[in-house]
Amino acid sequence: MANYIDVLSFLAIICATVLATLAQDCSPEGARCVHDSECCFNECIDSLCQP
């Protein structure tokens, strides 16, 4: 049973890490950018994330 708990803990850590990475991969509105993909739900216009 201990192995099962270890595996669940390991998966939880991986999920948390992936979510944290995804959250940091995009910039909020008004942030500096180069490509549209850098902005969360916005476009990159004049080097700034805009709606």
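All residue numbers here begin at 1 and follow the chain in the order shown.
Backbone N, Cα and C define each Cβ position, glycine as well.
Annotation in Swiss-Prot places Cys26 in a disulphide bond whose other cysteine, of Cys15, Cys33, Cys40, is Cys40. A separation of roughly 5 Å, to the nearest angstrom, links the Cα atoms of Cys26 (disulfide bond) and Cys39 (disulfide bond).
Around Cys49 (disulfide bond), the same-chain residues at least 6 positions away in sequence with a Cβ under 8 Å from its Cβ are Ser27, Pro28, Glu29, Gly30, Ala31, Arg32, Cys33, Glu38, Cys39, Cys40, Asn42, Glu43.
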